[in-house]
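Taken from Swiss-Prot, the feature GTP binding site applies to ASP23, HIS24, GLY25, LYS26, SER27, THR28, ASN140, LYS141, ILE142, ASP143. What Swiss-Prot records for 11-193 is domain 'tr-type G'.
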Amino acid sequence: MDIKKLKDYQNHIRNFSIVAHIDHGKSTIADRILELTDTVSERQLKNQMLDDMPLERQRGITIKMNSVEVKYHAKNGEDYIFHLIDTPGHVDFSYEVSRSLAACEGALLVVDASQGVQAQTLANTYLAIDDDLEIVPVINKIDLPSADPENAKEEIEEMLGLDASDAVEVSGKTGQGIPELLEKIVTDIPAPSGDIEAPLKALIFDSKYDDYRGVVLSVRIEDGTVKPGDKIQIMNTGKEYEVTEVGVSSPHPVKKDILIAGDVGYITANIKSVRETRVGDTITDAGHPTAEPLPGYRQIPPMVYSGMYPVDNRDYDDLKEALQKLQLNDAALEFEPETSTALGFGFRCGFLGLLHMDVVQERLEQEFDLDLIMTAPSVDYHAIMNDGTTKVIDNPSDLPDAGEYKEVQEPYVKAEIMVPNDYVGPVMELCQRKRGEFVTMDYLDKYRVNVIYNMPLAEIIFDFFDDLKSSTKGYASLDYEITGYRATDLVKIDILLNKEPIDALSFIAHRSEAQDRARQMTSMLKKLIPRQNFEVDIQGAIGAKIISRATIKPYRKDVTWKIHTGDPDRRAKLLEKQKRGKKRMKAVGRVEVPQDAFMAVLKMNDDDIKGK
């Protein structure tokens with residue numbers, strides 16, 4: 001092994017992420033870089049080249065971070081190896097951004113020339129600064145008629161404190177400015193500084209399951225080298241494996257003889273169980289292990305919980321296996337078994353937000369061919385019990401009776417909303433409607449304001465983002481972080497069908513909204529549940545108190561059609577007999593609840609509740 005050659009190779013590596021607010025053109029810039037460096041041929045090139053998940057292409061967003069090795073011949077006559085990592089822009093997937101930054105020395109900070117700095121631009125920049133990365137400002141979409149690159153540079157300097165005087169102006173659509181950007185990567189982003197001669201130390205930043213090769217680990221090599229035949233150890237479990245293949249993504253897998261300190265690539269080692277590795281673990285040399293593991297990642301707790309059940313109970317084991325495989329590729333997903341009297345055996349799943357929940361459900365249905373029922377999402381509540389202990393409630397049906405606890409606390413967030421001056425009024429009105437508490441308002445420039453509210457997380461996760469976009473014509477952007485738990489006047493509302501509580505339909509609401517929400521829920525269920533041969537009573541209740549009710553009338557068979565019209569006694573007798581039969585049927589009949597009903601609570605927006 002020629003160390004001098006390997007060190008020279010290492011000096012020509014550049015590892016960088018592309019970070020930005022959603023829709024500011026990260027994936028388009030990545031496409032142009034792949035095109036200009038001939039990493040993919042013109043025939044193979046397609047939009048969102050690095051978004052290889054079908055769902056990403058359907059939705060037009062990046063969900064998973066993706067890495068690719070790019071070879072670039074610079075103007076100084078030397079060849080460089082770029083490891084480009086594309087990252088998501090949506091707030092739900094910020095954990096993907098933090099993981100990708102840990103594998104880099106630099107970041108391209110992309111800002112839309114027509115929109116300027118947005119909420120996620122700020123959030124992602126702070127992540128990059130925390131990781132001590134070299135940040136290269138990039139002004140994108142300069143081809144748009146509404147583009148104002150100078151204003152975007154001013155905002156970067158004023159709001160982020162970065163020098164934007166030599167920011168690269170590009171158009172991801174036309175390719176203008178991309179050659180200058182490639183040169184900037186060479187000159188401004190430092191080479192990795194890992195020690196090639198030290199024992200192997202590599203960080204697992206992603207992984208996926210392959211039916212033929214087992215678990216494929218995506219790694220950043222911090223120190224040392226790794227090649228096929230080497231014995232490696234995963235430090236968290238102590239388990240040892242023999243490496244069968246190493247390589248890089250370019251953007252399709254390309255085998256290599258060796259990966260060295262600074263490389264970003266993949267390792268396979270006949271790891272058959274998805275439980276044996278975890279994102280954030282450190283890999284080392286089994287014969288000469290490193291003394292200390294790498295710091296890994298801060299585990300981000302779920303924000304939203306929902307029940308997930310197979311439509312056919314026989315698919316329970318398939319769902320469990322699918323969730324385990326998905327968790328390997330989605331470190332933020334959490335799940336544990338749960339049982340519902342209405343839905344049978346399933347799992348209580350934790351997600352980072354509603355988009356994350358939708359994505360997981362769609363991936364399970366598309367990639368694993370499962371039919372699923374999801375219950376309405378809920379946040380984590382804390383019930384302070386009479387004996388002083390705290391019970392964590394992630395399922396509304398688990399909230400104890402009112403006499404058993406002193407108070408219920410719910411999570412609060414600090415919400416930062418960037419909005420044009422013209423829309424400050426509607427935004428403040430929306431926040432107050434969602435039980436928000438005004439904190440402060442900062443004028444960023446003469447056009448935009450940063451409005452800060454303390455708000456219950458439960459109000460944010462449902463339709464707040466959609467309401468915000470519609471009340472500001474799409475111009476507002478949102479970022480939020482959990483600040484802690486507060487005691488509020490919350491109650492559990494049970495939904496009863498023919499006096500039987502349906503656990504999967506229970507929900508928690510603020511007392512001031514409880515009756516309206518219960519009324520809305522019962523009337524919505526009346527529309528969704530098909531008519532039966534017997535009467536169905538739908539009730540909303542807080543404890544023993546019924547606060548709303550709706551009735552689904554039964555089908556009625558004409559039992560009097562044979563009778564002569566002049567025989568009222570016989571007619572009354574037959575109708576009474578029918579009534580007694582229906583009463584018996586109602587007592588023993590099971591009401592079939594359609595899948596739509598379990599998500600009905602999501603459709604209860606403010607206008608519905610207020611009866612507008």
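Backbone N, Cα and C atoms are what each Cβ position is placed from, and that goes for glycine too.
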Fewest Cβ neighbours within 10 Å, where candidates are the binding-site residues SER27, ASN140: SER27
List the residues of the same chain that sit at least 6 positions away from GLY25 (GTP binding site) in sequence and have their Cβ under 8 Å from its Cβ, in sequence order, or write 'none'. VAL110, ASP112, ASN140, LYS141, GLY172, LYS173
Report the mean pLDDT of the predicted model across the domain 'tr-type G' (11-193), rounded to a whole number. 79
Look up ILE142 (GTP binding site) in the DSSP assignment and report helix, strand or coil. coil
If you draw a 10 Å sphere on the Cβ of ASP23 (GTP binding site), how many other Cβ atoms land inside? 18
With an 8 Å cut-off on Cβ-Cβ distance and a minimum sequence separation of at least 6, pull the same-chain contacts of ILE142 (GTP binding site), or say none. ALA113, PRO149, GLU169, VAL170, SER171, GLN176, GLY177
